[in-house]
Protein chains: 4
Amino acid sequence: MTIDLEALYIDLHRHPELSFQETRTAGVITRHLTDLGLEFEEGIGKTGVVAVIRNGSGPVVWLRADMDALPVEEQTGLAYASTARGTDPSGTDVPVMHACGHDMHVTAMLGALETLSATRDEWSGTIVAVFQPAEEYGAGAKAMVDDGVLDRFPRPDIVLGQHLTPLPAGKVGARPGTQMAAADGISVTLFGRGGHGSRPHSTIDPVVMAAATVMRLQTVVSREIDPREMGVVTVGSIHAGLKNNIIPAEAKLELSLRYPNDAAREDIMARVERIIRAEAAASGAEKEPVFTMDHSLPPTINDDAATARLKAAWGRAFGEDSVVDPGMFTGSEDVSWFAREAGVPLVYWFWGGVDPQQYADALAGGTINEDIPTNHSPFFAPVLHPTIERGVDALTVAAREFLGAGAATGVAATEAAITEAGA
Amino acid sequence: MTIDLEALYIDLHRHPELSFQETRTAGVITRHLTDLGLEFEEGIGKTGVVAVIRNGSGPVVWLRADMDALPVEEQTGLAYASTARGTDPSGTDVPVMHACGHDMHVTAMLGALETLSATRDEWSGTIVAVFQPAEEYGAGAKAMVDDGVLDRFPRPDIVLGQHLTPLPAGKVGARPGTQMAAADGISVTLFGRGGHGSRPHSTIDPVVMAAATVMRLQTVVSREIDPREMGVVTVGSIHAGLKNNIIPAEAKLELSLRYPNDAAREDIMARVERIIRAEAAASGAEKEPVFTMDHSLPPTINDDAATARLKAAWGRAFGEDSVVDPGMFTGSEDVSWFAREAGVPLVYWFWGGVDPQQYADALAGGTINEDIPTNHSPFFAPVLHPTIERGVDALTVAAREFLGAGAATGVAATEAAITEAGA
Amino acid sequence: MTIDLEALYIDLHRHPELSFQETRTAGVITRHLTDLGLEFEEGIGKTGVVAVIRNGSGPVVWLRADMDALPVEEQTGLAYASTARGTDPSGTDVPVMHACGHDMHVTAMLGALETLSATRDEWSGTIVAVFQPAEEYGAGAKAMVDDGVLDRFPRPDIVLGQHLTPLPAGKVGARPGTQMAAADGISVTLFGRGGHGSRPHSTIDPVVMAAATVMRLQTVVSREIDPREMGVVTVGSIHAGLKNNIIPAEAKLELSLRYPNDAAREDIMARVERIIRAEAAASGAEKEPVFTMDHSLPPTINDDAATARLKAAWGRAFGEDSVVDPGMFTGSEDVSWFAREAGVPLVYWFWGGVDPQQYADALAGGTINEDIPTNHSPFFAPVLHPTIERGVDALTVAAREFLGAGAATGVAATEAAITEAGA
Amino acid sequence: MTIDLEALYIDLHRHPELSFQETRTAGVITRHLTDLGLEFEEGIGKTGVVAVIRNGSGPVVWLRADMDALPVEEQTGLAYASTARGTDPSGTDVPVMHACGHDMHVTAMLGALETLSATRDEWSGTIVAVFQPAEEYGAGAKAMVDDGVLDRFPRPDIVLGQHLTPLPAGKVGARPGTQMAAADGISVTLFGRGGHGSRPHSTIDPVVMAAATVMRLQTVVSREIDPREMGVVTVGSIHAGLKNNIIPAEAKLELSLRYPNDAAREDIMARVERIIRAEAAASGAEKEPVFTMDHSLPPTINDDAATARLKAAWGRAFGEDSVVDPGMFTGSEDVSWFAREAGVPLVYWFWGGVDPQQYADALAGGTINEDIPTNHSPFFAPVLHPTIERGVDALTVAAREFLGAGAATGVAATEAAITEAGA
């Protein structure tokens, strides 16, 4: 391997960048692409990078890795922990951390590209490697599509992608059908009337309005959604006021809604809005709440046939024990925009980054939730090995499964498989 | 009048400064003191200024004006509205506004000093003019006391001060006994466990913990304080989270507690703490909430005899109709530290800044709370006249009432009155 | 004394009766009135009794005692504790207890009537003794008025009444002006949609709707009423559901609102209604809540002059130390209907029933609220002596103060005093 | 058919009886059993009835129907609507209604027994028909087991049962594995301190304590249970207070918890208890809440093989279109105690009672939840036909499937199937 993947990962981890600000990350990527002698373009969807390996006739396989980090203050205590800060869209200075593993996604992608590039005689077709910005805003894939990525590069026959997750390192898994939930991000501004903290009767207190709203929103999941169906209403942020003795004029909430399919969307949105408006009315608000859609992500649905085919390929490559059913994830992704817009199948999978012994101990002790930091936690810290290697290999095996055979094998069968997968 | 008080007020209003940062304001003050030829010292209690007028034997009367502004974004639409910004103690960039009228306090004080200075033959004794910083943090008076203000300048026989308030311009008023409530400012950090917004079950949601806490805190006033007694529990700020899809690890609340006397303090504090700890326990918090006292202000208690005497003097000067009983205020002040530490009487009064016609209309329409912006409101906007003039005169009359008579009158009677007032 | 007042009290205490069901109590009263040879009528306002002592020309003084008990399960552990049960207006079987001391009111009234009857030569005028039913429903005085009590008996020149309270036994007190708050009793039915407890999504849960409503109603007092003004919003009962696994279709709340004057009524009612309607909307209720006024009691306002006169009389009779300012009470009374309807002055006072040593200990320990059971508590248990004696004497002294003098003294002065009191 | 099943159903519907009080119902059953000439015993598990049809060698098949009704006030407006009342365990007079369809269960069972009795030549083996009391309390099956039902009658090889549900009439369905959730019924008493409604500060208000508890309990489902897993926390009843102006001393809640498997029980119980205790602490309660387990129902788990076999038999009998997957139900049952205790397979299924056109309209309009009354609703009203017929036939076909063949067929194969089903 020409690229020192461990050093690359540590460098990316130390220098996380917020969504649509991944300029240093893009620079690292293009330097390596240049070293590998690959064709690429920058600035797709603002900060995205797309590389292409053309290798004769055959299927076009898109591989996707996302690049952005999160406004989280790292608390892992790692020697290479991030101390970076950034400016969020509101202009606030915030800590930044790769708390979702996108640094590992980029690392694995570059490793896979080196491997695939070095083994061109073993496969045929075209690889399009998509380094996507702003997945955390649910906006990067759409931005690349809007920027013409599907027209400016060979259109995919299949889209593949992977995500690091708190499974034991070495494990890889996908499930057919809904793999990840749909999600909407909504900002809400509640309007009260400000005044002195000692004169509540001359104000309309937006802090109490916001608190009552948060408590009432719990009932959407607890009382209004069928207990057998998945639904999440998270208020991820609440902000009001600057000082203990000033009752502010406004409060801001940011909500994340999760649901399993497009049909559930209208219901959950209507319920959330009904409650927020009624709680404003309960406070006697003189102005209606204002709602802003920050993003809306469709469910991530894996193609049944392609998923089955890929799991079989991994089983052969890594052993059946290494291939798991990760279950449906309540988290969300924007990777499916590429496949939805192109009308082609998608497989999106997970691979593990937790020390297997630590995982086994937590499982035995019933302390998975307490002991194993999840994505977005300030303690999220994948072990480097074999996480890096398995990420590279999972992507390489997947790409090869859907590319044509090389000189020694026939392309026709592979193409047929792709066609079938898309059915 | 040498000083153009309207221009001074507008200048101060345009350039508000946060607590303990009143350096420009102090500069404006000292420039005028210099112009008036008065003796003064700067940097008392960090940014405070103290001027002295020594005029023969007689009582020492302290006059106090506070100087700081608030992190409020002005929305008055005035031509001279503030667009200033500042950096609050947490390092955040915030808008700044004189939303509490301290600009008018400084203006009236300088006007009174010019008047008193120009009429030295009519009174005898010593005037100590205290320009105090950081009243809004409840910290400035204490800082000046800690900086030796009572020893470095002639000790007071009486302390006088005034505050602009939403009474009709022209009115002035005080009440004997408790004039303003005691207040504590408390910061609370609630600890949850962060994680991905789609996986609430792997987290302890501090947003819900904070919301439940705010709702429960309402019951201190609604259920636990005698309905006949004053009590306020305001949550003036609530902050948690940076993004809709990350459940944060912490939430921060800032509380302002108000109560009428020292005896009530222990009870209200115990109740607030009991609820906050229990709500953390209800969430299954793994770490106890952390409480920080930001400030603790005693009740502002007017001396009975001195107050009566002063109201009579105003009645003679302005007409009985102009002197009102403003009632007890639920707001708080740190002015009483000067009198408490010196063991002398205090009179602290209010004067009005609202257009009298607008006030009368609002009163008739029952819309005082809706139409008349209170202190700390982003719409707080006193009319300039006669507010400035009445502020100057109220202070001048008050000072003269407790100073000795001039050449033509006897000092003894006045001194006797002061002694009596302190009884 | 012919009547054994201790035995009378114990008998009444053992046999409490709910409002408008005081038939046994009325029987006990009329038996004693007969023994005393007094003229009386029964069945006024359903179960009320009115006795008259005509004793020559002079003022007509009304004395009022209420008779009804409460649906409270006595937990005093007294030998003479009530084990009675009754049927409330909804047809429910409930425990009954004299938890408000009306048994003592009746006892003191009969004692006073015996005394006044035995000393006819010492006073002149007319005494009308009103034994009123259903004070606890706030309905008995109105019922007697509606039944013509003011026309069927000599109209009052003044109305007097007294209430047992947790002051030390021996103390008696009244305050001029508002002595007790106004009160409204409101029943609210909230409408959800019932269903199986395991299928919340097919229902509209009225239990959650009611709980959210109760929590939000706390903010009327905590945020919307001036902290310096008295206001109480109590939800005294909440009822919904019959079984853990059935989500009911409705929930019922009973509210008690208290406020100091008629002007506050509209505001507090509007706020309560606004919150209840909005919380129903937050639940997505398909039917608006239904509000029923159960009673509406005016504030109890003592005549200034008559109160001063009475306190002076008690001071002469019992010693100045025995006469206290009980402060304003947040509880309410319907006694003022008699005076309001007749357009004459009212004095309504309190006398104590707590063992003085126990009271002093609780005061010293700061445990008044914990250790001294208040009216309506299941532990309410006045000491018998000197509570009975002081109740008799307070009423006797009061009646004598406003009646005419007897043979040896002039009537004119007393009549003048009454006229003055009514001004 | 000798029995007029429609008349029988209407009679049962008009005369519903609460749990363990089904004496009239048992009388109706035994009269029909006598008419059919069947052997039976009464008073098993207090009010249960067990009939036996012995028909040569072969499997023993238990059929179970539950008999009790609910404290619901019928609002169907049907000509045969119940106006019955009963006395619940607390001694309260309540309305009673067959709001869960057990009247239909009994009707279908008697119809099936007549059919099976009349066709004895077509099958061999033993039928045990169990008319169970008190399913609604989750107590009847256990009571029958405790009363020796498994020893006093032929032990089952398989247990079969059915429940009426809001599917279209004509439909029947079951699913392998968890068919119904586990459930616990818990009563909770919260302790405050009572007092007068106007003096909240002298009390600890249990109404507010209960309301805060209900609101906080919503977070168990909304925040603490994996969104992909089933969980329900219903507060089915809340009761406190008798009068608006008395703050009561206690509040009572009844909770129903639902979860999919035994493993989830400990977690959900711990969470509920944690919240209830913490909310009592937030109120400053002087006494810990008291918890009482009212019942605890295991999950209802259908045997995989037997379920598949039965669905195939129904498909042959009713057409494939009539056999549906009803999905997992969040409701609970105690039928599984018979199978659990005997260690034999269970199949428990659902059949529909809704007019098919009404159902289709509601489905098309997206108003299933609004328009189709569910079990336990006061509007629950199955259409009589073909509901009765399909109930009889579903049970008959099921019994026959697991009984031996008659004279013309071999028994061995059927016995083998049973053995296999139990594996």
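A Cβ is built for glycine as well, from the same backbone N, Cα and C atoms used for every other residue.
Here the structure is a predicted model, which means the values were calculated and not measured.
Per TrEMBL, these features apply:
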BINDING   B:C100, B:H102, B:E136, B:H163  Mn(2+) binding site
DOMAIN    B:186-281  domain 'Peptidase M20 dimerisation'
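If you take every residue in the domain 'Peptidase M20 dimerisation' (B:186-281) and average the pLDDT, you get 95. The Cβ neighbour count for B:H163 (Mn(2+) binding site), using a 10 Å radius over every protein chain in view, is 26.
Secondary structure at B:C100 (Mn(2+) binding site), as computed by DSSP, is coil. Listed in sequence order, the residues B:D66, B:D68, B:A69, B:L70, B:H98, B:G101, B:H105, B:E135, B:L164, B:N375 complete the 8 Å Cβ shell around the Mn(2+) site centroid, once B:C100, B:H102, B:E136, B:H163 themselves are left out. Of all the Cβ atoms in the protein chains shown, 28 others lie within 10 Å of the Cβ of B:C100 (Mn(2+) binding site). Around B:H102 (Mn(2+) binding site), the same-chain residues at least 6 positions away in sequence with a Cβ under 8 Å from its Cβ are B:A65, B:D66, B:M67, B:D68, B:A69, B:E135.
The DSSP secondary structure for B:E136 (Mn(2+) binding site) is coil. Counting residues of the domain 'Peptidase M20 dimerisation' (B:186-281) by DSSP class, helix then strand then coil, yields 41 helix, 31 strand, 24 coil. The Cβ of B:E136 (Mn(2+) binding site) has 25 neighbouring Cβ atoms from other residues within 10 Å, across all protein chains displayed. Secondary structure from DSSP puts B:H163 (Mn(2+) binding site) in a beta strand.
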